[in-house]
Amino acid sequence: MTAIFLMSMVFGLACGQTMSFCIPTEYMMHVERKECAYCLTINTTICAGYCMTRDINGKLFLPKYALSQDVCTYRDFMYKTVEIPGCPDHVTPYFSYPVAVSCKCGKCNTDYSDCIHEAIKANYCTKPQKSYVVEFSI
């Protein structure tokens, strides 16, 4: 009986990890500043995918922090910095953005993640695009 219980626990843990499809995914974002002449298209990675979660029936009896569900979020990330071309001298031309190195299923941390249900559909350029990108690692 102990062997069956142990095997079911191992199988459950293995399936839980494989069913959680949360990985760094390629993402293209457009960056522009009001004062600068050009828009940059940046290829980066973000955390995207599905996480195993379950809904608790006894919601009335639990504290609010116990009701949050896991989301696909950053485990490790680094920042890269690009220079937006065509900026006047009084404007800082640098823009820093996160690059996902690895991801995990966990609580959404508003210190470094945008924890909204639906994204704002503003990922496009309104200015001419510049073809070169100079990156700096920070």
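Placement of Cβ uses the backbone N, Cα and C atoms for every residue, glycine included.
Values in this document were obtained by computation on a predicted structure and should not be read as measured data.
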According to Swiss-Prot, which candidate among CYS72, CYS87, CYS108, CYS115 shares a disulfide with CYS22?
CYS72
Which of these, CYS36, CYS39, CYS47, shares a disulfide with CYS125 in Swiss-Prot?
CYS39
According to Swiss-Prot, which candidate among CYS105, CYS108, CYS115 shares a disulfide with CYS51?
CYS105
Say which of CYS15, CYS36, CYS47 is recorded by Swiss-Prot as the disulfide partner for CYS103.
CYS47
Among the candidates CYS15, CYS87, the one bonded to CYS36 through a disulphide according to Swiss-Prot is CYS87
Proximal residue to CYS36 (disulfide bond) among disulfide-bonded residues CYS22, CYS47, CYS51, CYS108 (C-alpha distance)
CYS47
Whole-number Å distance separating the Cα atoms of CYS103 (disulfide bond) and ASN43 (N-linked glycosylation site) is 18
Neighbour-count leader, CB within 10 A, disulfide-bonded residues: CYS47, CYS51
CYS47
By Cα geometry, the one of the disulfide-bonded residues (CYS47, CYS51, CYS72, CYS87) nearest CYS39 (disulfide bond) is CYS87
